[in-house]
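Trainee: Before anything else, here's the structure in question.
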Amino acid sequence: MALTRFERLVAWALRACRVFLFAVFQLLAPRPSDGPSRRLPPITNPLLTVSGMQLAQKIRRKEVTSVEVVQAYIDRIQEVNPLINAMVKDRFSAALQEAAQADRLVEEEKGSEESLEDRLPLLGVPFTVKEAFNLQGMPNTTGLVSRRGVISGGDAPTVTLLKRAGAIPLGVTNSSELCMWMESHNRLYGITNNPYNIGRIPGGSSGGEGSILASGGSVIGVGSDIGGSIRLPAFFNGIFGHKPTSGVVSNEGQFPPCSGLQQDFLCTGPMCRYAEDLPLLLRLRQAQRQVVQRLEADLGVKVEELHIPQLRYSFHIWGAMMAAADKDGKRPMAFAELMGDHGKRVWPVWELAKWILGQSSHTMAAIGLALVEKTQSSQPSAFILQQKEELQTQLEELLGTDGVLLCPTHPHIAPKHHHPLFTPFDFSYTGIFNILGLPVTQCPVGLGREGLPLGLQLVAGKLQDHLTLATAHHLEKAFGGWREPGMA
Ligand SMILES: *[C@@H]1O[C@H](CO)[C@@H](O)[C@H](O)[C@H]1NC(C)=O
Ligand SMILES: CC(=O)N[C@H]1CO[C@H](CO)[C@@H](O)[C@@H]1O
(Lines of atoms letter the chains of each structure in order from A and count residues from 1; the text may use other names and numbers.)
(Lines give C-alpha, C1' and ligand atoms only; values in the text may rest on other atoms or scores of the structure.)
(Ligands and ions follow the chains in the order given, each with its own letter.)
Protein backbone atom coordinates (compact mmCIF):
# COMPACT_ATOMS: atom_id res chain seq x y z
CA MET A 1 0.00 0.00 0.00
CA ALA A 2 1.52 3.28 -1.09
CA LEU A 3 -0.26 5.78 1.13
CA THR A 4 -1.12 5.26 4.75
CA ARG A 5 -4.62 6.13 5.92
CA PHE A 6 -3.05 9.02 7.81
CA GLU A 7 -1.42 10.43 4.68
CA ARG A 8 -4.73 10.22 2.84
CA LEU A 9 -6.40 12.06 5.68
CA VAL A 10 -3.73 14.76 5.57
CA ALA A 11 -4.18 15.12 1.80
CA TRP A 12 -7.96 15.44 2.26
CA ALA A 13 -7.57 17.99 5.04
CA LEU A 14 -5.14 20.01 2.90
CA ARG A 15 -7.68 20.13 0.08
CA ALA A 16 -10.42 21.16 2.46
CA CYS A 17 -8.26 23.94 3.91
CA ARG A 18 -7.31 25.34 0.53
CA VAL A 19 -10.39 27.47 -0.11
CA PHE A 20 -10.30 28.90 3.39
CA LEU A 21 -6.56 29.65 3.31
CA PHE A 22 -6.88 31.20 -0.10
CA ALA A 23 -9.51 33.64 1.17
CA VAL A 24 -7.35 34.49 4.19
CA PHE A 25 -4.40 35.10 1.89
CA GLN A 26 -6.26 37.51 -0.32
CA LEU A 27 -6.79 39.60 2.82
CA LEU A 28 -3.50 39.23 4.69
CA ALA A 29 -0.60 38.43 2.40
CA PRO A 30 1.71 41.20 1.21
CA ARG A 31 1.55 41.60 -2.55
CA PRO A 32 3.15 44.03 -4.92
CA SER A 33 0.73 46.15 -6.90
CA ASP A 34 0.46 45.15 -10.53
CA GLY A 35 0.29 47.61 -13.37
CA PRO A 36 1.70 48.59 -16.72
CA SER A 37 4.25 51.01 -15.21
CA ARG A 38 5.70 48.17 -13.13
CA ARG A 39 7.71 46.77 -16.05
CA LEU A 40 11.46 46.48 -16.04
CA PRO A 41 13.18 49.21 -18.07
CA PRO A 42 15.02 47.86 -21.14
CA ILE A 43 18.74 47.09 -20.94
CA THR A 44 20.67 49.87 -22.70
CA ASN A 45 24.29 49.04 -21.84
CA PRO A 46 25.67 46.34 -24.21
CA LEU A 47 28.12 45.22 -21.50
CA LEU A 48 25.12 43.67 -19.75
CA THR A 49 24.32 41.30 -22.60
CA VAL A 50 27.51 39.27 -22.96
CA SER A 51 28.56 36.20 -20.98
CA GLY A 52 30.92 36.24 -18.00
CA MET A 53 33.54 34.43 -20.11
CA GLN A 54 33.38 37.14 -22.77
CA LEU A 55 33.53 39.92 -20.18
CA ALA A 56 36.68 38.32 -18.74
CA GLN A 57 38.23 38.18 -22.19
CA LYS A 58 37.37 41.82 -22.96
CA ILE A 59 38.91 42.89 -19.64
CA ARG A 60 42.10 40.88 -20.27
CA ARG A 61 42.39 42.39 -23.75
CA LYS A 62 41.84 45.90 -22.31
CA GLU A 63 38.81 46.40 -24.57
CA VAL A 64 36.93 47.43 -21.45
CA THR A 65 37.92 48.01 -17.82
CA SER A 66 36.62 46.00 -14.90
CA VAL A 67 35.51 49.29 -13.32
CA GLU A 68 33.28 49.98 -16.35
CA VAL A 69 31.77 46.49 -16.17
CA VAL A 70 31.19 46.58 -12.40
CA GLN A 71 29.69 50.09 -12.64
CA ALA A 72 27.35 48.94 -15.44
CA TYR A 73 26.05 46.15 -13.20
CA ILE A 74 25.71 48.45 -10.20
CA ASP A 75 23.67 50.90 -12.31
CA ARG A 76 21.42 48.09 -13.53
CA ILE A 77 20.86 46.71 -10.02
CA GLN A 78 19.95 50.17 -8.76
CA GLU A 79 17.51 50.50 -11.63
CA VAL A 80 15.75 47.12 -11.24
CA ASN A 81 16.02 46.23 -7.56
CA PRO A 82 13.21 48.57 -6.39
CA LEU A 83 10.90 46.55 -8.68
CA ILE A 84 12.13 43.03 -7.90
CA ASN A 85 13.62 43.23 -4.36
CA ALA A 86 16.20 40.58 -5.27
CA MET A 87 19.47 41.93 -3.84
CA VAL A 88 19.22 42.32 -0.07
CA LYS A 89 22.69 43.67 0.73
CA ASP A 90 25.27 45.17 -1.60
CA ARG A 91 28.99 45.89 -1.33
CA PHE A 92 29.22 48.26 -4.27
CA SER A 93 32.01 50.54 -3.07
CA ALA A 94 34.26 47.58 -2.12
CA ALA A 95 33.47 45.98 -5.49
CA LEU A 96 34.53 49.13 -7.35
CA GLN A 97 37.83 49.21 -5.43
CA GLU A 98 38.44 45.56 -6.28
CA ALA A 99 37.63 46.31 -9.92
CA ALA A 100 40.24 49.07 -9.95
CA GLN A 101 42.75 46.56 -8.53
CA ALA A 102 41.84 44.08 -11.27
CA ASP A 103 42.44 46.77 -13.90
CA ARG A 104 45.86 47.49 -12.39
CA LEU A 105 46.72 43.78 -12.57
CA VAL A 106 45.84 43.75 -16.28
CA GLU A 107 47.93 46.86 -16.88
CA GLU A 108 50.94 45.42 -15.07
CA GLU A 109 50.68 41.96 -16.64
CA LYS A 110 53.95 41.06 -18.37
CA GLY A 111 53.01 37.57 -19.61
CA SER A 112 50.62 36.57 -22.38
CA GLU A 113 46.83 36.88 -22.25
CA GLU A 114 46.68 33.08 -21.93
CA SER A 115 48.80 33.04 -18.81
CA LEU A 116 46.51 35.63 -17.20
CA GLU A 117 43.52 33.53 -18.25
CA ASP A 118 45.09 30.44 -16.67
CA ARG A 119 45.77 32.14 -13.36
CA LEU A 120 42.69 34.38 -13.10
CA PRO A 121 40.06 33.15 -15.58
CA LEU A 122 37.37 35.51 -14.21
CA LEU A 123 39.52 38.55 -13.46
CA GLY A 124 37.31 41.61 -13.03
CA VAL A 125 33.96 39.87 -13.66
CA PRO A 126 31.16 40.63 -11.15
CA PHE A 127 28.97 37.95 -9.56
CA THR A 128 26.17 37.62 -6.99
CA VAL A 129 25.59 35.07 -4.21
CA LYS A 130 22.52 33.71 -2.45
CA GLU A 131 22.51 35.20 1.05
CA ALA A 132 22.50 31.69 2.60
CA PHE A 133 26.17 31.38 1.54
CA ASN A 134 28.85 32.99 3.66
CA LEU A 135 30.35 36.04 2.02
CA GLN A 136 32.74 38.03 4.22
CA GLY A 137 31.05 41.10 5.73
CA MET A 138 27.58 40.28 4.38
CA PRO A 139 24.57 39.16 6.49
CA ASN A 140 24.38 35.49 7.54
CA THR A 141 20.63 35.13 8.26
CA THR A 142 18.81 33.14 5.53
CA GLY A 143 15.79 35.33 6.19
CA LEU A 144 15.38 34.61 9.90
CA VAL A 145 14.28 37.76 11.74
CA SER A 146 16.00 36.53 14.92
CA ARG A 147 19.34 36.52 13.06
CA ARG A 148 19.10 40.16 11.99
CA GLY A 149 22.56 41.67 12.34
CA VAL A 150 24.51 38.36 12.16
CA ILE A 151 27.42 38.98 9.78
CA SER A 152 29.60 36.38 7.96
CA GLY A 153 33.15 36.34 9.23
CA GLY A 154 34.47 34.49 6.18
CA ASP A 155 33.67 32.99 2.79
CA ALA A 156 32.05 29.72 1.74
CA PRO A 157 34.48 27.55 -0.33
CA THR A 158 32.55 28.24 -3.57
CA VAL A 159 32.85 31.99 -2.93
CA THR A 160 36.56 31.59 -2.20
CA LEU A 161 37.05 29.73 -5.50
CA LEU A 162 35.30 32.45 -7.49
CA LYS A 163 37.29 35.19 -5.73
CA ARG A 164 40.50 33.26 -6.40
CA ALA A 165 39.57 33.14 -10.08
CA GLY A 166 39.45 36.96 -9.97
CA ALA A 167 35.66 37.45 -9.84
CA ILE A 168 34.19 40.30 -7.77
CA PRO A 169 31.11 39.84 -5.54
CA LEU A 170 28.51 42.63 -5.83
CA GLY A 171 26.25 41.54 -2.97
CA VAL A 172 23.88 38.88 -1.69
CA THR A 173 20.36 37.94 -2.78
CA ASN A 174 17.10 36.86 -1.19
CA SER A 175 15.83 33.33 -0.54
CA SER A 176 12.93 31.67 1.21
CA GLU A 177 13.01 31.48 5.02
CA LEU A 178 15.74 28.89 5.84
CA CYS A 179 15.88 27.97 2.13
CA MET A 180 12.97 25.55 2.46
CA TRP A 181 10.31 26.81 0.09
CA MET A 182 9.79 27.54 -3.60
CA GLU A 183 8.95 31.20 -3.04
CA SER A 184 11.61 33.75 -2.01
CA HIS A 185 9.81 35.42 0.85
CA ASN A 186 10.73 36.02 4.48
CA ARG A 187 9.97 38.55 7.18
CA LEU A 188 13.47 40.02 7.19
CA TYR A 189 13.81 41.01 3.53
CA GLY A 190 10.23 40.77 2.24
CA ILE A 191 9.18 39.19 -1.03
CA THR A 192 11.13 38.94 -4.29
CA ASN A 193 9.36 39.39 -7.64
CA ASN A 194 9.63 37.76 -11.04
CA PRO A 195 11.12 40.24 -13.54
CA TYR A 196 8.84 39.02 -16.34
CA ASN A 197 5.75 39.81 -14.27
CA ILE A 198 6.20 41.23 -10.80
CA GLY A 199 2.88 39.75 -9.68
CA ARG A 200 4.50 36.32 -10.04
CA ILE A 201 7.06 34.39 -8.05
CA PRO A 202 10.74 34.08 -9.02
CA GLY A 203 10.78 30.65 -7.34
CA GLY A 204 12.94 29.55 -4.46
CA SER A 205 14.93 29.06 -2.59
CA SER A 206 17.61 30.73 -4.78
CA GLY A 207 14.94 33.12 -6.11
CA GLY A 208 16.88 36.34 -5.54
CA GLU A 209 19.62 34.95 -7.77
CA GLY A 210 17.12 33.90 -10.45
CA SER A 211 15.43 37.30 -10.43
CA ILE A 212 18.57 39.49 -10.43
CA LEU A 213 20.18 37.38 -13.16
CA ALA A 214 17.16 37.42 -15.46
CA SER A 215 16.84 41.20 -14.97
CA GLY A 216 20.33 41.73 -16.31
CA GLY A 217 21.57 42.80 -12.85
CA SER A 218 24.06 39.93 -12.67
CA VAL A 219 25.75 37.59 -15.13
CA ILE A 220 26.80 34.66 -12.91
CA GLY A 221 25.51 33.59 -9.52
CA VAL A 222 25.84 30.89 -6.89
CA GLY A 223 22.83 28.91 -5.68
CA SER A 224 22.09 25.72 -3.76
CA ASP A 225 19.51 23.02 -4.35
CA ILE A 226 18.10 20.30 -2.10
CA GLY A 227 14.74 19.88 -3.83
CA GLY A 228 14.86 22.25 -6.80
CA SER A 229 16.22 25.46 -5.27
CA ILE A 230 18.51 26.19 -8.25
CA ARG A 231 16.37 24.65 -10.99
CA LEU A 232 12.97 26.12 -10.06
CA PRO A 233 14.15 29.76 -9.97
CA ALA A 234 16.20 29.14 -13.12
CA PHE A 235 13.02 27.83 -14.78
CA PHE A 236 10.69 30.61 -13.57
CA ASN A 237 13.24 33.28 -14.62
CA GLY A 238 14.27 31.74 -17.94
CA ILE A 239 17.97 31.24 -17.18
CA PHE A 240 20.39 28.31 -16.81
CA GLY A 241 20.99 26.51 -13.54
CA HIS A 242 22.98 23.38 -12.84
CA LYS A 243 22.58 20.95 -9.94
CA PRO A 244 25.80 18.95 -10.11
CA THR A 245 26.19 15.27 -9.32
CA SER A 246 25.91 14.96 -5.52
CA GLY A 247 29.25 15.46 -3.77
CA VAL A 248 31.06 17.17 -6.66
CA VAL A 249 30.86 20.78 -5.38
CA SER A 250 31.42 21.71 -1.72
CA ASN A 251 28.31 22.58 0.33
CA GLU A 252 30.26 24.07 3.22
CA GLY A 253 29.67 27.61 4.43
CA GLN A 254 25.88 27.71 4.16
CA PHE A 255 23.22 28.43 6.74
CA PRO A 256 21.33 26.36 7.81
CA PRO A 257 23.75 23.43 7.75
CA CYS A 258 22.45 20.00 6.68
CA SER A 259 21.74 17.16 9.08
CA GLY A 260 20.60 13.53 8.83
CA LEU A 261 21.01 12.26 5.25
CA GLN A 262 20.39 15.72 3.78
CA GLN A 263 24.08 16.37 3.07
CA ASP A 264 23.83 13.69 0.37
CA PHE A 265 21.01 15.54 -1.38
CA LEU A 266 22.11 19.18 -1.14
CA CYS A 267 24.08 20.52 -4.12
CA THR A 268 25.78 23.85 -4.72
CA GLY A 269 25.82 25.03 -8.31
CA PRO A 270 25.98 27.88 -10.80
CA MET A 271 23.09 29.99 -12.13
CA CYS A 272 23.65 32.17 -15.19
CA ARG A 273 22.21 33.74 -18.32
CA TYR A 274 24.63 32.20 -20.81
CA ALA A 275 25.24 28.44 -21.10
CA GLU A 276 28.97 28.91 -21.67
CA ASP A 277 29.30 30.23 -18.10
CA LEU A 278 27.77 27.10 -16.56
CA PRO A 279 30.97 25.06 -16.18
CA LEU A 280 32.71 27.89 -14.28
CA LEU A 281 32.20 26.31 -10.89
CA LEU A 282 32.75 22.84 -12.25
CA ARG A 283 35.97 23.17 -14.23
CA LEU A 284 34.70 20.98 -17.05
CA ARG A 285 35.35 23.30 -19.94
CA GLN A 286 37.51 20.95 -21.96
CA ALA A 287 35.12 18.04 -21.66
CA GLN A 288 32.24 20.27 -22.56
CA ARG A 289 33.86 21.49 -25.75
CA GLN A 290 34.50 17.95 -26.89
CA VAL A 291 30.95 16.85 -26.22
CA VAL A 292 29.54 19.89 -28.02
CA GLN A 293 31.65 18.99 -31.04
CA ARG A 294 30.48 15.41 -30.90
CA LEU A 295 26.85 16.37 -30.42
CA GLU A 296 27.04 18.62 -33.41
CA ALA A 297 28.85 16.07 -35.53
CA ASP A 298 26.32 13.30 -34.93
CA LEU A 299 23.13 15.08 -33.97
CA GLY A 300 21.09 12.21 -35.32
CA VAL A 301 20.59 11.28 -31.64
CA LYS A 302 17.73 8.97 -30.79
CA VAL A 303 14.96 10.40 -28.60
CA GLU A 304 12.79 7.83 -26.84
CA GLU A 305 9.63 8.43 -24.85
CA LEU A 306 9.75 6.90 -21.38
CA HIS A 307 7.16 5.77 -18.92
CA ILE A 308 8.61 5.43 -15.43
CA PRO A 309 5.90 4.38 -12.94
CA GLN A 310 8.06 4.93 -9.83
CA LEU A 311 8.13 8.68 -10.53
CA ARG A 312 4.55 8.72 -9.16
CA TYR A 313 6.10 8.37 -5.73
CA SER A 314 8.62 11.20 -6.20
CA PHE A 315 7.17 13.36 -3.46
CA HIS A 316 6.92 10.49 -0.98
CA ILE A 317 10.48 9.40 -1.69
CA TRP A 318 11.85 12.94 -1.30
CA GLY A 319 9.93 13.58 1.94
CA ALA A 320 10.93 10.24 3.47
CA MET A 321 14.62 10.60 2.60
CA MET A 322 14.83 14.21 3.81
CA ALA A 323 13.54 13.09 7.22
CA ALA A 324 15.74 9.98 7.31
CA ALA A 325 18.35 9.50 10.00
CA ASP A 326 22.01 9.20 8.92
CA LYS A 327 24.16 6.06 9.16
CA ASP A 328 24.71 6.63 12.89
CA GLY A 329 20.97 6.92 13.52
CA LYS A 330 21.14 10.69 13.99
CA ARG A 331 17.91 12.41 12.91
CA PRO A 332 17.99 15.65 10.94
CA MET A 333 17.47 18.77 13.01
CA ALA A 334 13.76 19.60 13.30
CA PHE A 335 12.67 22.49 11.09
CA ALA A 336 10.89 24.05 14.09
CA GLU A 337 14.25 24.07 15.86
CA LEU A 338 16.01 25.72 12.90
CA MET A 339 13.27 28.34 12.83
CA GLY A 340 13.98 29.13 16.47
CA ASP A 341 17.72 29.42 15.71
CA HIS A 342 19.77 27.33 18.12
CA GLY A 343 17.69 25.63 20.69
CA LYS A 344 14.79 28.04 20.89
CA ARG A 345 12.38 25.68 19.09
CA VAL A 346 9.24 27.46 17.90
CA TRP A 347 5.76 26.09 18.55
CA PRO A 348 4.14 25.98 15.08
CA VAL A 349 0.50 26.10 16.25
CA TRP A 350 1.27 29.23 18.27
CA GLU A 351 3.10 30.76 15.28
CA LEU A 352 0.07 29.98 13.11
CA ALA A 353 -2.22 31.81 15.52
CA LYS A 354 0.20 34.76 15.55
CA TRP A 355 0.42 34.66 11.75
CA ILE A 356 -3.36 34.96 11.39
CA LEU A 357 -3.18 38.07 13.58
CA GLY A 358 -0.28 39.40 11.51
CA GLN A 359 2.13 39.05 14.46
CA SER A 360 4.46 36.19 13.41
CA SER A 361 8.04 36.83 12.29
CA HIS A 362 7.83 33.68 10.13
CA THR A 363 6.27 33.02 6.74
CA MET A 364 3.23 30.78 6.26
CA ALA A 365 5.38 28.36 4.26
CA ALA A 366 7.83 27.87 7.13
CA ILE A 367 5.04 27.53 9.70
CA GLY A 368 3.31 24.99 7.47
CA LEU A 369 6.50 22.93 7.11
CA ALA A 370 7.00 22.93 10.88
CA LEU A 371 3.38 21.78 11.32
CA VAL A 372 3.66 18.81 8.95
CA GLU A 373 7.21 17.67 9.72
CA LYS A 374 5.97 15.60 12.67
CA THR A 375 4.18 13.27 10.24
CA GLN A 376 7.50 12.02 8.77
CA SER A 377 9.25 9.06 10.35
CA SER A 378 13.06 8.92 10.51
CA GLN A 379 12.88 5.42 9.00
CA PRO A 380 11.56 5.39 5.40
CA SER A 381 9.05 2.58 4.77
CA ALA A 382 10.18 -0.56 2.93
CA PHE A 383 7.82 0.30 0.09
CA ILE A 384 9.34 3.76 -0.40
CA LEU A 385 12.91 2.42 -0.21
CA GLN A 386 12.05 -0.21 -2.82
CA GLN A 387 10.56 2.39 -5.19
CA LYS A 388 13.66 4.56 -4.77
CA GLU A 389 16.05 1.64 -5.46
CA GLU A 390 14.10 0.54 -8.54
CA LEU A 391 14.04 4.10 -9.86
CA GLN A 392 17.77 4.55 -9.25
CA THR A 393 18.70 1.29 -11.01
CA GLN A 394 16.34 1.86 -13.93
CA LEU A 395 17.50 5.43 -14.60
CA GLU A 396 21.19 4.68 -14.17
CA GLU A 397 20.99 1.71 -16.57
CA LEU A 398 19.04 3.77 -19.05
CA LEU A 399 21.29 6.83 -18.98
CA GLY A 400 24.61 5.00 -18.78
CA THR A 401 27.48 7.27 -19.73
CA ASP A 402 25.90 8.73 -22.86
CA GLY A 403 22.18 9.28 -22.18
CA VAL A 404 20.32 12.52 -21.43
CA LEU A 405 16.78 12.49 -20.05
CA LEU A 406 14.52 15.44 -20.86
CA CYS A 407 12.02 16.14 -18.09
CA PRO A 408 9.74 19.06 -17.14
CA THR A 409 11.15 21.33 -14.42
CA HIS A 410 7.74 22.20 -13.01
CA PRO A 411 4.12 21.54 -14.02
CA HIS A 412 3.33 25.27 -14.47
CA ILE A 413 5.01 28.50 -15.57
CA ALA A 414 5.82 31.00 -12.77
CA PRO A 415 2.77 31.03 -10.46
CA LYS A 416 1.31 34.15 -8.84
CA HIS A 417 2.69 35.15 -5.43
CA HIS A 418 1.72 32.74 -2.61
CA HIS A 419 -0.01 30.27 -4.96
CA PRO A 420 2.57 27.47 -4.38
CA LEU A 421 1.09 27.15 -0.87
CA PHE A 422 -1.87 25.49 -2.55
CA THR A 423 0.18 23.15 -4.74
CA PRO A 424 2.95 22.16 -2.31
CA PHE A 425 3.92 18.91 -4.08
CA ASP A 426 4.78 20.45 -7.44
CA PHE A 427 8.50 20.59 -6.69
CA SER A 428 8.63 16.77 -6.89
CA TYR A 429 9.76 17.03 -10.52
CA THR A 430 13.04 18.51 -9.30
CA GLY A 431 13.28 17.00 -5.80
CA ILE A 432 13.50 13.41 -6.96
CA PHE A 433 16.85 14.05 -8.71
CA ASN A 434 18.39 15.29 -5.45
CA ILE A 435 17.59 11.94 -3.86
CA LEU A 436 18.96 10.06 -6.88
CA GLY A 437 22.11 12.23 -6.87
CA LEU A 438 22.03 12.74 -10.64
CA PRO A 439 23.32 15.90 -12.35
CA VAL A 440 20.60 18.13 -13.84
CA THR A 441 20.74 21.31 -15.89
CA GLN A 442 17.64 23.49 -16.15
CA CYS A 443 17.65 25.00 -19.61
CA PRO A 444 15.42 27.88 -20.80
CA VAL A 445 13.64 27.35 -24.13
CA GLY A 446 11.97 30.71 -24.78
CA LEU A 447 8.89 32.51 -23.49
CA GLY A 448 5.33 31.19 -23.47
CA ARG A 449 2.16 32.97 -24.51
CA GLU A 450 1.97 34.98 -21.29
CA GLY A 451 5.51 36.24 -21.73
CA LEU A 452 6.77 33.95 -18.98
CA PRO A 453 9.78 31.64 -19.38
CA LEU A 454 9.58 28.00 -20.44
CA GLY A 455 12.28 25.45 -19.75
CA LEU A 456 13.14 21.84 -19.07
CA GLN A 457 15.48 19.65 -17.04
CA LEU A 458 18.32 17.75 -18.72
CA VAL A 459 19.34 14.78 -16.58
CA ALA A 460 22.38 12.52 -17.00
CA GLY A 461 24.03 9.62 -15.17
CA LYS A 462 26.24 10.24 -12.14
CA LEU A 463 29.38 12.31 -12.91
CA GLN A 464 28.20 12.83 -16.50
CA ASP A 465 27.55 16.55 -15.86
CA HIS A 466 29.34 17.45 -19.09
CA LEU A 467 26.52 15.81 -21.08
CA THR A 468 23.74 18.01 -19.68
CA LEU A 469 25.93 21.12 -19.90
CA ALA A 470 26.72 20.41 -23.54
CA THR A 471 23.07 19.72 -24.36
CA ALA A 472 22.09 23.01 -22.68
CA HIS A 473 24.68 24.83 -24.79
CA HIS A 474 23.20 23.30 -27.91
CA LEU A 475 19.60 24.12 -26.92
CA GLU A 476 20.64 27.72 -26.21
CA LYS A 477 21.66 28.05 -29.85
CA ALA A 478 18.44 26.41 -31.01
CA PHE A 479 16.01 28.31 -28.75
CA GLY A 480 17.79 31.59 -28.06
CA GLY A 481 18.47 31.03 -24.33
CA TRP A 482 17.74 33.87 -21.90
CA ARG A 483 15.37 36.61 -23.16
CA GLU A 484 15.37 40.07 -21.73
CA PRO A 485 12.30 40.76 -19.55
CA GLY A 486 10.31 43.85 -20.33
CA MET A 487 10.77 43.20 -24.05
CA ALA A 488 8.16 40.44 -24.29
C1 LIG B 1 27.11 31.94 9.92
O2 LIG B 1 26.28 31.53 10.98
C3 LIG B 1 26.42 30.18 11.38
C4 LIG B 1 25.35 29.85 12.41
O5 LIG B 1 25.28 30.79 13.44
C6 LIG B 1 27.82 29.95 11.92
O7 LIG B 1 27.98 28.59 12.28
C8 LIG B 1 28.81 30.31 10.82
O9 LIG B 1 30.12 30.19 11.31
C10 LIG B 1 28.57 31.74 10.33
N11 LIG B 1 29.46 31.95 9.19
C12 LIG B 1 30.44 32.85 9.16
C13 LIG B 1 31.36 32.80 8.01
O14 LIG B 1 30.59 33.70 10.02
C1 LIG C 1 10.47 45.05 0.04
C2 LIG C 1 11.39 44.90 1.20
O3 LIG C 1 11.00 44.48 2.27
N4 LIG C 1 12.67 45.22 0.96
C5 LIG C 1 13.70 45.12 2.01
C6 LIG C 1 14.79 44.19 1.56
O7 LIG C 1 15.83 44.14 2.50
C8 LIG C 1 16.47 45.38 2.70
C9 LIG C 1 17.64 45.14 3.61
O10 LIG C 1 17.25 44.64 4.84
C11 LIG C 1 15.47 46.40 3.25
O12 LIG C 1 16.08 47.65 3.39
C13 LIG C 1 14.28 46.50 2.28
O14 LIG C 1 13.27 47.33 2.82
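Note: Cβ is positioned from N, Cα and C throughout, glycine not excepted.
Nobody curates TrEMBL annotations by hand; they come from automatic prediction.
Keep in mind that what you see is a predicted model, and the values were worked out from it rather than measured.
Annotations per TrEMBL:
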DOMAIN    68-284  domain 'Amidase'
ACT_SITE  Lys130  active site, charge relay system
ACT_SITE  Ser205  active site, charge relay system
ACT_SITE  Ser229  active site, acyl-ester intermediate
DOMAIN    285-469  domain 'Amidase'
Trainee: With every protein chain in view, what's the tally of Cβ atoms within 10 Å of the Cβ of Ser205 (active site, charge relay system), excluding that atom itself?
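Mentor: There are 33 of them.
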Trainee: Which whole-number mean pLDDT does the model give the domain 'Amidase' (68-284)?
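Mentor: Looking only at the domain 'Amidase' (68-284), pLDDT averages out to 95.
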Trainee: Which chain-mates of Lys130 (active site, charge relay system) that are at least 6 residues away have a CB under 8 A from its CB, listed by sequence?
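Mentor: In sequence order, Val172, Thr173, Ser175, Ser205, Ser206, Gly208, Glu209, Gly221, Val222, Gly223, Ser224 meet the Cβ cut-off.
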Trainee: Are there any residues at least 6 positions away along the chain from Ser229 (active site, acyl-ester intermediate) with a Cβ closer than 8 Å to its Cβ? List them or say none.
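Mentor: The answer is Ser175, Cys179, Met182, Gly204, Ser205, Ser206, Gly223.
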